[in-house]
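Undergrad: Next up is a structure, given as structure tokens.
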């Protein structure tokens, strides 16, 4: 019997669908690129693993510069936008991954450990004021980022938005600024994790723990973005449970329910006092609080690897409100009630010494046995979480810079599982600097690595707010309405202006505390030209580096400041039938009960 002809199904990888892209959903449900070459059905597992690291043939790199009619080199911003639009990064992050990245993304040493230095420098009232103000600023910033990331879920969103809405030279500077921040954070956090183990008086060399932690973090990132999402999901759950448990325990201890008994209330606000070192102490806490929130913006960076950013990102962005209110403000208020700012275990502590954690000190003061070790385990997990995020943040930023022609082409190597392999290996290699933990140069090396990343988050957040202001202006001038936005920032343009101005104030406060630092732990002041110069550059080194990157690139490529009417508002928009989607969602919301409408307003 003659065989019936089999009807061919033609698959268009770039078909018009809400998630159309080289890695998006297509007519037969694929979520990864389909290649012309045959697949071996019986290939061994090692062979398949090796093949997965081969380069994705759909990946490409935007040329770094174009020769104009006059023979001069100029930067093609339109081509750069196309380069980040259809990045072959795997879209495997789900809504639960994004929500936990938003909730637990910045809960690390900044909250658990560095808050002890804040308490020592400024007192409990300064901690409460500074963290609340920075929290409000960051809420506005993440809302602005969410609005742009939902509409343009492009690879390397921070630098890509600066390139598109401000100036390609500033996008170049911001991209490398952000990449450098995460590249140096990895060895810093691994050393912090190794030192955490010393809480139990371990005789094992720190180098051994560095090797173990580095292996864990690199392995997670080499397994792909799904593994990163799952790891962060687990890490964040642990951190959320720990902070929630501490809040409940802190309330019980403060009202006299601990083993040692005795009502504490607000006596430490009266003696030794609510403030320390006056207004300068507040400014120093203001700066430390800003650094503590670093990592929150990773939600926007993950937009290009999210299956459905239209639904997942708004929820994740709104979760920031609860993290700020609950995890930072409430927990640190309780810390200020339970630990006096003149506690000797806080003074002289470094940001990588878990013994200086005010959370641990509060538990020790209350006489609760065993829980201090549990809290140190949580701190170690938090440190590993930040280290895990550092490879993710640096590798995606480097890959996006390469896609825009602003970094070596090799960083745009993306394998068949959607991993920016070369960028991951580069970031991992710098993690081996953590072995300096076993040397006598540890303190000096990490002082300057911290200086490199010190102001990075401030520049990133300020640029996001400014990008949103410029984007909104272009959106209106080019004939669009706010109703056409897939997600609208709850803080609006005024919130972005507030966020931008607060970031500028942090830069001013950091400059002031850099040239005139707060007194040392013993009350002495930093004096002498050499000591003051070192203190200033340790606090402000990132500023001249950013300016150098910007000015050199500006001169080399003669990049223009982007005008509102010239901004590209089309490239990178993933959802094509936005009006029908918004109408459908509006009708769905109209049927919600009142409690659900109130809940969804914030979550």
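In case you wondered, yes, glycine gets a Cβ from its N, Cα and C as well.
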Undergrad: With TrEMBL as the source, which of 1-37, 38-74 is set down as region 'Disordered'?
TA: 1-37
Undergrad: From the ranges 402-420, 421-439, pick the one that TrEMBL records as transmembrane segment.
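TA: Residues 421-439 are the ones TrEMBL records as transmembrane segment.
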Undergrad: Would you please say which range out of 182-200, 353-371 has the annotation transmembrane segment in TrEMBL?
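TA: Checked against TrEMBL: transmembrane segment maps to 182-200.
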Undergrad: Count, for each of 206-225, 278-299, 421-439, 492-516, 536-557, the Cβ pairs lying under 8 Å from the transmembrane segment (128-161), and report the range with the highest count.
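TA: Out of the listed stretches, 278-299 contacts the transmembrane segment (128-161) most.
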Undergrad: May I ask which of the stretches 182-200, 421-439, 492-516 has the most CB pairs under 8 A with the transmembrane segment (278-299)?
TA: 492-516
Undergrad: Thinking of Cβ pairs under 8 Å, which stretch from 182-200, 237-258, 492-516 has the most of them with the transmembrane segment (421-439)?
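TA: Highest pair count goes to 182-200.
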Undergrad: Go through the chain and flag residues at least 6 beyond the ends of the transmembrane segment (492-516) whose CB is under 8 A from any CB in it; none is fine as an answer.
TA: 133-134, 136-141, 143-144, 280, 283-284, 286-287, 290, 454-455, 458, 461-462, 464-466, 468-469, 472, 532, 535-536, 538-540, 543
